[in-house]
Every structure is written in structure tokens, then in C-alpha cells.
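Engineer: Under the heading domain 'G-protein coupled receptors family 1 profile', TrEMBL lists 53-295. Annotation comment: TrEMBL describes 42-62, 74-97, 117-138, 159-179, 185-212, 233-261, 273-297 as transmembrane segment.
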């Protein structure tokens, strides 16, 4: 049984004929081209862990008034995006298991409709996750380079508009992607968006670390202890860098898969790479599992609140 309905749509290139794909598969059927047989239980387990972790992050941010700031609201939205990955995975798994065992009987048209709904959920989470990582990076950049003007630049109203815009754009783009997923133009737009956001965040982080390094050298030469604000800013930049690295490792193979679909759908090597699609899906779900752990261990305030939420203390 396959997993993650929307990504399953992109498992194989649609612009290659069935005969060409079959020939390519035969030509590339070496020992390492057999792919991986990942049990459904692993998908379910990771989905449940991710769902619980991200629910705790959202609950902690809502509970603690000290975390009611634009930065943590953006982190909360990112956690919601990760939850969408888990929910769509669990929903599709349950849906297909019920169909396979005859517990649920539906007409083909209803099954396609349900698939489309799950497709929109996962595709929206892809776009929104990447968008909120970019938004958080910009927010941290403003915090470091425009510290005195931060509250006038990043107001609560602007933060709400930003969040609403990201969710709206994610919903619209996911609808377009699901409708025209067989178009190489749509895939190129998705790949281009991924690369643009990566470049944007890398540029921001390099600038932030360059400034932090300059401050550390200045402080060292003057033999003064670092200020708490600069130390917190550097810690925040490190946290975001870790998030970016995790996102790249977890999502990179999938986007490389999309690139190969566009550039070499019938090449034996590319066909061999396609056989590892389930591994790419596991990495995607792992991203939503790892993100909350990073928040908990990098933010002392959030870590304390998470303990309170878990222990149900007031």
C-alpha cells in the first residue's frame, strides 16, 4: 500500500510512456534499484509522534503569555503545518486500510474526491512550512539588525496579515498543484519556490552570522562580556540554521525527485532513483518530528511551558 496520497501522484513521471518506463526499469534493475519496502506501521508511528509533538508546541505557545509574540506565532503556524503532514498521512493510511479490508465501501468518484482533499492538505503543508521558515528567518533578521525598531516594524497586525497571506497562498497554490500536477510547468514553479526560499534564508543567515562574529570580535578586543540580547540573537540564528538544515535534508531528496521527473523521466538512473520514493516520504515525516524537538531544546521558556503542559500543572 502506498502512502501520502498527494506525493503518490508524483511517484512516477507522467510525461513518459508506459513502455519507456517499463524498459527503463528493466535496464536499471540492479541490486540497489529495488527500492525500500517500508512497513506501514512506521509511517503510522512517525505520524502519531509528530502529531503529539506539534500539538504540545501549539498548546505551550497558547498557554504562555510570554510566548504571545510574532516570532512564536510564526513558530506556532509552522507547527500547524507539520501537523497537517501528520494528519494527512494518518488519514490516508486509515482510509486505505478501511478500503482494503472492506470495512469502508465507496464509489470511485468519492474515493477520488477524498484523495483530492488529502492531496490539498499535504501540498498546502509543504508550501506553508517552507514559507513560515522564510518568514521566521526574516523576523529574526529584523530582530538583529533593527532591534530598536522591531516592535514598530513587526506589529501584531502585520504578523496576522503575514500569517493569513501565507495560509491563503498555500491553499491556492496547493489547489493549482493538485489540478495541474502532471504539468512540468507547475513542478518547475514548485522547485523554483523551494530553491528561492533556500537561497533567501541562506543569505539572511550568512549576514546574521557575519554580524554576530563581528560583535564577538569587538567584545573580545574590548574584554567585555557579551550582552544577553546579542547572545539570544545568536542562539536564535543557530536555531533557525538547524531548522533550515533539517528541512533541506528531509525535503531535498523529494525535490530532487521532482527535478528528475522533469529532466530525465526515462533515464535508467532516474528510474532507479524513483524506486526510493517511500524513503523520501519517511524523511518528510521525520522533518515534522524533528522540528518540535528543536523548539523544545533551544527555547528555555518554551521548554518550561512544555513541561507544564505535559504534567498538566497550572
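For all residues, glycine too, the Cβ spot is worked out from N, Cα and C.
Buried or exposed, and what's around them? Tell me for each listed feature.
Structural biologist: Per-residue confidence over the domain 'G-protein coupled receptors family 1 profile' (53-295) averages out at a pLDDT of 81.
Beyond the transmembrane segment (74-97), the same-chain residues lying 6 or more positions past its ends with a Cβ under 8 Å from any Cβ of the stretch are 1, 3-6, 40, 43-44, 46-48, 50-51, 54-55, 57-58, 61-62, 104, 114, 118, 121-122, 124-125, 128-129, 132-133, 135-136, 139, 159, 162-163, 166-167, 284-285, 287-288, 291-292, 295.
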Engineer: State the non-local partners of the transmembrane segment (42-62) in its own chain: residues 6+ outside its ends, Cβ under 8 Å from one of its Cβ atoms.
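Structural biologist: Same-chain residues near the transmembrane segment (42-62) but 6 or more away: 3-4, 68, 72-73, 75-76, 79-80, 82-83, 85-87, 89-90, 93, 281-282, 285-286, 288-289, 291-293, 295-296, 302, 305-306, 308-310.
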